[in-house]
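Structure first, then comments.
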Amino acid sequence: MLTYKDAGQMLLLLSVGVLPPFAGFFLGASSMALGIFIFFILLLLVKLERLPHILCVHKSIFIFLVISLFYALIQQIFIGVWATKSFFSIVALLLVFIIAYFLSKEILFQRPLNRNSIFILFWFLVFFAFLAIVTDFGIGYLVYGHNKSIFPFGEPSHFALFFGPFFLMIIAMTESRLIKLLYIFLVTTLALLIPSTTLLIYVLLALGLMIRFSKSSIFVFIPLLVAAIYTLLTDSYFLSRLILSNDSKNLTALVYLQGLQDAYNSIESTLGLGLGFQMLGTQPASLAGEQLKYLMGGDYLNRQDGGFLAAKIIAEFGVYGFFILVSYLVMFFKAFTNLKNGMFLNSEYPLASVFSLCFIYASFVEFFVRGVGYFSPSLFFFFVALFLHSMIPRQRCVNGKH
């Protein structure tokens, strides 16, 4: 039965994904950060008395921020002064960290997650996707003025990045393997109808959580794997995205290749230090970038976000960026193991734990497949997940002080 609390929590989570594209279109914001700040203001209006709790940050997070700022100072000395945008972005990113920490406290201690709100959100998002498909993306076009917008999200990849982690939460929380397979079939259908390569990657991550090395699993998953490979190799839409070449005519493939080339060129030109925070796009264009400019009629595409987050991090932070990515991969494999073994069920806060693990696990897509910079809704939830992950092992101590 739907309660006001379930609906309120669902709307709270949904607003994180919806407000950034709304702010970008209706307020002319060039970054998704404005939408997240609006969300924070709305949250404070509801829970103003909780504001003091953002002042207490876990020491590991504080150490990471200090090291990052020190590295940024070294870049200033040896590489050159950043653009004005970079300094404003540092302030914005710190605010995003604060907002994420505030929300993690709310989720863990004040507004515990409940299954109903997650399932309701999942079905709302499925409804938005099917509505876009049956209307030929007409509603999104009327609102945002460009094709294939899945209202209320700006474009299919934005929808997929927000929807994917919650889909993985549904898989993790569902006990029946048959029901899990039905969910996977549903999302696979969505991915093929939209179509969305990003959403298909989330399907593969979901299958990864289900695979068991037994005879019965082989009979189930081998045909699924063969069908997936066949689809990728025979469908022109998906195949064109898998071929990375400077001569490609596919914009998605070229954007990804541009990210790889920009990351490599930036490492080489700065002797491993990186370009500096939010400085991607200031360096000369790569071969893939020039091909994109030609196809776009003189305009560059995705030069500042790198196409995926790993490329942006490496290009801007150099060897320190590699350290960040390796650290994430360690967390990714730990989250995968914990989700696969159902270890979150032993937590005092199982839903907060599965939220944390699923967003850490799902962020693989944003890091290595499709990213939109540091201020996306899904990356914001990744920061929330990191804070939750740091607090849940200490929950008895924290609760004793609370």
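For all residues, glycine too, the Cβ spot is worked out from N, Cα and C.
All annotation found in TrEMBL is predicted automatically rather than curated by experts.
What TrEMBL lists as transmembrane segment is 22-48 (among others).
According to TrEMBL, the feature transmembrane segment maps to 60-81 (among others).
The transmembrane segment annotation in TrEMBL covers 87-104 (among others).
Here TrEMBL flags 116-144 (among others) as transmembrane segment. Same-chain residues lying 6+ beyond the ends of the transmembrane segment (116-144) with a Cβ under 8 Å from its Cβ atoms: 2-3, 5-7, 9-10, 13-14, 21, 25, 150-154, 159, 162-163, 166-167, 169-170, 173, 186, 190, 193-194, 351.
Same-chain residues lying 6+ beyond the ends of the transmembrane segment (156-174) with a Cβ under 8 Å from its Cβ atoms: 13, 16-17, 21, 115, 118-119, 121-122, 125, 128-129, 148, 150, 180, 183-184, 187, 191, 194, 196, 198-199, 201-202, 205-206, 209-210, 339, 344, 351, 354-355, 357-359, 361-363, 365-366, 370, 372, 376-378, 381. Here TrEMBL flags 156-174 (among others) as transmembrane segment.
The list of residues near the transmembrane segment (181-211) in space but at least 6 beyond its ends in sequence, with Cβ under 8 angstroms from a Cβ of it, reads 126, 129-130, 132-133, 148, 150, 156-157, 159-161, 163-165, 167-168, 170-172, 174, 217, 220-221, 224, 228, 231, 235, 237-238, 241, 252, 336, 339-340, 361-362, 364-365, 369-370. Annotated transmembrane segment per TrEMBL: 181-211 (among others), in sequence order.
Per TrEMBL, transmembrane segment is recorded for 217-239 (among others).
Summarising the annotation, TrEMBL assigns transmembrane segment to 317-337 (among others). Under 8 Å from some Cβ of the transmembrane segment (317-337) lie the Cβ atoms of residues 68, 71, 208-209, 266-267, 270, 272-274, 277, 310, 343, 357-358, 360-361, 363-364, 367, 389, all in the same chain and six or more residues away from its ends.
The feature transmembrane segment is assigned by TrEMBL to 349-369 (among others).
The transmembrane segment annotation in TrEMBL covers 374-392 (among others).
Here the transmembrane segment (374-392) has Cβ contacts under 8 Å with residues 16-17, 20, 31-33, 35-36, 58, 60-61, 89, 92-93, 96-97, 99-101, 103-105, 107-108, 158, 161-162, 164-165, 278, 309, 312, 331, 347-349, 352-353, 355-360, 362-363, 366, 398 of the same chain, all six or more residues outside its ends.
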